[in-house]
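> Supplied in C-alpha cells, the structure appears directly below.
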Amino acid sequence: MEPELLSMVPRPVCAVLLLFPITEKYETFRTEEEERIKAKGQDVKSSVYFMKQTINNACGTIGLIHAIANNRDKMNFETNSSLKKFLEDSLSMTPEERAKYLETYEAIRVTHESSAHEGQTEAPSIDEKVDLHFIALVNVGGHLYELDGRKPFPINHGETSDDSFLEVGIENLLKWCYTRFLLYFHKNYEKYLYKSLAIFMVG
C-alpha cells in the first residue's frame, strides 16, 4: 500500500477489485450510506455502466463486468466476443434490465461456471450462503465510482485521474475498511487487504 511500491504497478490501472467479508457492521453501514445518499443526492455520470446483482454467488463476475464495461475503450475484444455482444446489447438497458439479461445470457453463464471450477478450492453452489463479496472501483470521466451490484446505484467517491487512480483508489479502500470493518479487522486489516485486493490492469 506504500506509494513507492504502488508506483511500480504498470499503468494504466483500469479498476480495483476488492473481496471482503459481509458483516453485521458492514450491513448497518451500507443501509445508512444508501439512505444518506438518497437524501442528499450525488452526481453520477450517465456513462457509468452499472448493473444489479440478482444471481447468487456471482459478485466476482459482476465485478469483472463492471471493470471491463467501464473501460471498453481500452479493450481489444476477440472477434465474435460474447462479452462484447453482451455489453453492446445492454448499454441502453437499466441496471435491473442488465441483471435480468445476464440471468439468461448462456455464454457468460457457461464461462462463469467453468472458470469457477478451475480453481484449487471447490466452488460454492449457486444457492450456498457465502459471506464474502466482490466490488469494483473504476475511473469514469475523472471520478472514482464504487460499483456494487447489491446496492441500488453507483457511489461517487470524488475526483481522480488516470495517473492518480490507483493511489486514490487505495486511499479510498483504506478509509472504506476503517469505517466499515475496524472492529472486524482490528490489527490485521492490512494483512487481509493484501490477500483480498486485486488490481485489474490493461497494458
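Backbone N, Cα and C atoms are what each Cβ position is placed from, and that goes for glycine too.
According to TrEMBL:
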- C59: active site, nucleophile (ACT_SITE)
- H133: active site, proton donor (ACT_SITE)
- 1-201: domain 'UCH catalytic' (DOMAIN)
- Q53: site 'Transition state stabilizer' (SITE)
- D148: site 'Important for enzyme activity' (SITE)
> If I take every residue in the domain 'UCH catalytic' (1-201) and average their pLDDT values, what number comes out?
81
> Which ones, of the recorded positions C59, H133, D148, have a Cα no more than 10 Å from the Cα of Q53 (site 'Transition state stabilizer')?
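Candidates kept after distance check: C59, D148.
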> Near the Cβ of Q53 (site 'Transition state stabilizer'), how many other Cβ atoms are there if near means within 10 Å?
21
> What does the structure give for the C-alpha distance between the residue listed as 'active site, nucleophile' and H133 (active site, proton donor)? Integer Å is fine.
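Just about 6 Å between their Cα atoms.
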